[in-house]
Amino acid sequence: MVKAVVLGASGGIGQPLSLLLKASPLVDELSLYDVVNTPGVTADLSHISSVAKITGYLPEDDGLKHALTGADVVVIPAGIPRKPGMTRDDLFKINAGIVRDLVKGIAEFSPKAFILVISNPVNSTVPIAAEVLKNANVFDPKRLFGVTTLDVVRAETFVQAITGTKDPAKTTIPVIGGHSGETIVPLFSQAKPAIEIPEEKLDALVNRVQFGGDEVVKAKNGAGSATLSMAYAGFRFAEKIIKAAKGEKGIVEPTYVYLPGVPGGEEIAKETGVDYFSVPVQLGPSGAEHANNPLGLLNAYEKKLLEPCTAGLKGNIEKGIEFVRNPPPK
Ligand SMILES: NC(=O)C1=CN([C@@H]2O[C@H](COP(=O)(O)OP(=O)(O)OC[C@H]3O[C@@H](n4cnc5c(N)ncnc54)[C@H](O)[C@@H]3O)[C@@H](O)[C@H]2O)C=CC1
Ligand SMILES: O=C([O-])CC(=O)C(=O)O
C-alpha cells in the first residue's frame, strides 16, 4: 500500500502532478491538501477510473493532519512562483514560512514519509525542512529530497538538438549542485551513452539548462513559472522513489540531499565545502542509500562551473538554516 500526499495540490504544479499520481498504478491512496480549492480538484480527479483512492483537505478541521496521516511519500509544491525579473531567492520571504509550517506538520503526522521538496528556492527550502525535522527529533537525511529532476529533464531535452536522438529521455545526464542559475551544473561529459558536444555549442547549452526556468517565466509573462514540465519531472522522481521503496534495484537519480547524512555523501561535502548538494543518488527501500561522487570525473570546464555553484549554494543554505535557528521577528 502506498499513500502519496501533495501539499499545494490546487496550484499550477499541484493539479497536473496530482493527476499523474492519481493515474499511476503505483499509488493506492492519494491525499490532496491546499489552502484553497482542494474540494473541487479532488472531486474532479475522483471520477478517474484508476486504483488510487483520493481524499482532499483544506486547513480547517485538522485538514493537514488528515492528509498526512499514514503518508509514505509527501510532495511539496506549495508556495508562490516567480514573475519576470524575480530570482528564486526573491521567493524566500513567503515560501520559507510555508515550507517550515508544512514540514512541522509532516514531523508531527507522518515523520517516516519520504519528503520531496519542490517549493523554491529549493537551495534554501530543503535546509529549512531539515532544521524543522531536526528540531522535532525526526530528521532522517535519507528521506528528505530537493527535487532537481526538471534540470535533468531539461538537459536531456536541450541536448537533443545536438545529438538528434529520437527519444531524449534515453540519454542520462547527471546534473549536480543546486536548483538556481549558476548553482545548476550539468555534466555532459558524463552522459550515458556518451555524447560529443562541439566546443562552440557548450556554453549556450549549459546556459540554457541553468536558466531554463527563466525561459518559461518570461514566456508566461507574469502568469507564473514552469508547471506542466515540473509536474512531469516531480512525478518522474516520485515514481522512482516509490519503485525503489518497493524494492526495485538500480535506480539512480540526481537529487538535492543533506550529504553528511547519506552514505558516500560525507566525502562530497568535504570536497565541495557544502552540506546540501545534488548528486546522483542511489535509491532504495530506506530512501537515499548512497550518494555517488561524480567530482573525480569532472573535466576542466565543469570544474570551473563548480566555483560559482558552491559559492552561491553556501549563502542559500546558510539563509535557510538561519531562518529556522534564528527566526525573523513576526
Ligand atoms: N523545484 C523545481 O524545479 C521547481 C519549483 N517550482 C516552485 O514550485 C512552487 C509552486 O509553483 P506553482 O505551482 O506554479 O505555484 P501556484 O501559485 O500555481 O501554486 C501554489 C499552490 O500552493 C498553495 N499554497 C500556498 N500556501 C500554502 C500552504 N501554506 N499550504 C498549502 N498550500 C499552499 C496555493 O494555494 C497554490 O494552490 C513555486 O515556489 C515555484 O517556484 C516551480 C517549478 C520548478
Ligand atoms: O524558474 C522558476 O522559478 C521555476 C523553476 O524552478 C524552474 O522552472 O526550474
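Even glycines carry a Cβ here, placed using N, Cα and C.
For the NAD(+) site, TrEMBL records GLY8, ALA9, SER10, GLY11, GLY12, ILE13, GLY14, ASP34, ILE118, SER119, ASN120, MET230, and the single candidate of ASN95, ASN135, ASN137, ASN221 listed with them is ASN95. For the binding-site residues shown (ASN95, ASN120), fewest C-beta neighbours within 10 angstroms: ASN95. GLY8 (NAD(+) binding site) sits 13 Å from ASN120 (substrate binding site), taking the Cα positions as reference. In this structure, the C-alpha atom of HIS179 (active site, proton acceptor) lies 9 angstrom from that of ASN120 (substrate binding site). Sequence-distant contacts (6 or more apart, same chain, Cβ under 8 Å) of ARG82 (substrate binding site) comprise ARG88, ASP90, LEU91, ASN120, GLY213, VAL217, GLY224, SER225.
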